[in-house]
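K.L.:
Okay, here's the structure, questions in a sec.
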């Protein structure tokens, strides 16, 4: 941070494979997946850090990282005159000829970055969630408490706990009494037994505490070398962990509807549902907040165009789109073409998708460059769709990059 504040290094964990989000992650890392028409998932965490004046950030990458590396280097160019940077850091095998064994091992292998910067605190954040947050408020509570690590938590239904790391707070509601990685049946919260605190994957560490924890973990032959599965439980056992309640975080320009909004979009269903949150008249998450913007590279495209017969309602239509058919409750990325007589309903279309004359697309997520030929249908015949495409548990149809519809 600048302007006389504490020195903070941002580390963004962006090395996961994202298998649950197939087919969108077949050719790219999950943080590089398009979201909301023009953004990449990584843009949300980077925007939150930059808006909070955390301007020295390392993004640790590993699997299928070319698209992510290119996006970061071409979009997130900070002023080097002021010593600021956002840089992708691929696995460098500094500790031997091996890839990262887990998120904790990724940071361990990148400690040279910490030694170079010598920050007082380190903000370790995930790269693939949709939300707005002011990390300065979490940092302030961390410094005031004197804890070794502060973990951001959000209330979720207890029935969903198996998808998250779960934080069990102590009697004071602030110290962390237990940290459970994806438990099947954890106890509920006092006074709210049907909810638990899920870890958001965002942590603030006192630098010395993190380094020592990573070194101890590296010597543990039984460890999985993961932040949630290893480091957090170990620091909890040592009494050094504190909970930060995300509901207390406020950003400028937020509405009562999107305050506290956070989504893990790690599955096709969750990804689709988060897009549907964007398009209501009163959206659950409002992309149009100029007081706390989400930044990205907008490209050099002409404005969207609607020809005679082209209609769109309750939708996000990006630059470069040509709409000659009907689009409802959908999100279209740049360069999408919808031909006359075509119908797109409740769908997410990535860059340069072409929906041919008279075609129908319903309840689908189409990756970039997908071709839907004239008269073809997606989301009309469930049996046929299941034979040809990826279909999620919730019935969302997914087509991979460049796939042509039969």
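Just so you know, glycine gets a Cβ as well, placed from its N, Cα and C.
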K.L.:
Among 83, 165, 170, 221, indicate the single residue that Swiss-Prot lists for the alpha-D-glucose 1-phosphate site containing 100, 181, 182, 199.
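P.N.:
When Swiss-Prot describes the alpha-D-glucose 1-phosphate site, the candidate it includes is 165.
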K.L.:
List, in sequence order, the same-chain residues at least six positions removed whose CB sits under 8 Å from that of residue 100 (alpha-D-glucose 1-phosphate binding site)?
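P.N.:
Listed in sequence order, they are 15, 60, 62, 91, 106, 109.
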K.L.:
Return the maximum Cα to Cα distance in Å (whole number) over the record's alpha-D-glucose 1-phosphate-binding residues: 100, 165, 181, 182, 199.
P.N.:
22
K.L.:
Could you list the residues of the same chain, at least six apart in sequence, whose Cβ is under 8 A from the Cβ of residue 182 (alpha-D-glucose 1-phosphate binding site)?
P.N.:
161, 162, 163, 164, 165, 166
